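Copied from TrEMBL, the annotated features are:
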{"type": "COILED", "residues": "173-325", "note": "coiled coil"}
{"type": "COMPBIAS", "residues": "118-129", "note": "compositional bias 'Basic and acidic residues'"}
{"type": "COMPBIAS", "residues": "130-153", "note": "compositional bias 'Polar residues'"}
{"type": "DOMAIN", "residues": "5-117", "note": "domain 'WH1'"}
{"type": "REGION", "residues": "118-171", "note": "region 'Disordered'"}
Amino acid sequence: ISPVPPYSREQPIFTTRAHVFQIDPSTKKNWVPASKQAVTVSYFYDSTRNSYRIISVDGAKVIINSTITPNMTFTKTSQKFGQWADSRANTVFGLGFPSEQQLTKFAEKFQEVKEAAKLARDRSQEKIETSSNHSQESGRETPSSTRASSVNGTDDEKASHGGPAEAHLKSENDKLKIALAQSSSNVKKWETELQTLRESNARLSTALQESAASIEHWKKQFSACKEENDQLRSKIEELEEQCNEINKEKERNAQLSRRLQELETELQDKELELEELRKQGEIIPELMSECESVSEQLQAAEKKNKDLEEKVRTLRTEVEENKHRQTNLKTELKNFLDVLDGKIDELHDFRQGLSKLGVDN
């Protein structure tokens with residue numbers, strides 16, 4: 001098998017990218033990188049051999065060339081790494097994927113291809129067994145017919161002996177006669193079918209000749225139709241250009257119509273504003289007279305405000321004086337209370353002295 005797939009025979013059915021590793025042949029434990037970076041890994045199907053392969057090429061170097069067999073198993077060893085063993089290449093391949101999703105897709109494709117390889121192997125074995133059975137049956141039929149002819153040749157010689165052997169030979173002879181009769185009827189059927197096929201062949205030949213003659217006629221018709229089609233296409237293109245111009249003109253007219261409507265709306269708005277201004281102009285004299293009366297009222301209010309401010313200042317002065325008086329009164333009251341407290345203490349002492357004097361007496 002060539003390492004690089006012949007593209008005329010093998011076709012890729014699934015392709016992905018991954019980092020390729022091979023098991024270290026000395027330790028059988030450590031992984032050895034087979035590529036410096038992620039490379040393309042593809043499943044290829046060979047239709048002539050009915051086989052599947054995994055191929056990966058890094059530049060001009062083939063790093064994976066593994067034919068998938070039904071005995072292989074792809075194992076996920078981590079979320080992004082998987083491996084399988086190839087007994088023909090005497091190694092174990094490992095693939096590191098960028099994501100768990102890509103690993104899952106590759107594993108599913110491996111199982112699918114494995115089942116397809118198993119099915120192909122089973123079909124090939126069935127074909128081999130069928131062909132061997134047919135050859136064995138044909139091999140058995142030849143000696144049996146020879147034996148039957150020998151039995152028929154010696155039937156007169158053994159007629160005098162009789163017994164079970166004679167009955168067995170008669171039954172075999174009857175079976176052969178039935179088979180011969182069936183073969184004769186089958187030959188007649190085949191001759192009839194052959195004659196039918198010959199007649200069909202003759203009719204097909206006549207139809208083929210008529211078809212060849214009609215093909216020439218249809219070729220001419222096709223050429224004429226093609227020319228007419230080309231003319232119609234050119235006319236259609238011209239009509240399409242005219243339609244495009246008409247559509248553009250319609251679009252411009254629609255834009256002008258929309259602009260005209262907008263201008264009419266703006267004009268109506270302006271007329272409404274002008275009417276409002278006219279109405280406002282009519283009530284301006286009234287507003288002026290009201291404004292003069294309001295001004296007079298404002299002047300009177302300002303005068304009243306000044307008088308009130310003068311009163312407020314007077315009241316503030318009186319309040320300050322009252323506050324000052326209140327402060328003096330509080331001071332005098334405090335002094336009076338202090339004197340009163342002293343007098344009360346003296347009276348309390350005097351009372352205690354009187355009480356003590358009364359007790360002594």
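For all residues, glycine too, the Cβ spot is worked out from N, Cα and C.
Summarising model confidence by region, the coiled coil (173-325) averages a pLDDT of 83.
In terms of DSSP secondary structure, the domain 'WH1' (5-117) contains 18 helix, 54 strand, 41 coil.
When DSSP labels each residue, the compositional bias 'Basic and acidic residues' (118-129) comes out as 12 helix, 0 strand, 0 coil, counted as helix, strand and coil in that order.
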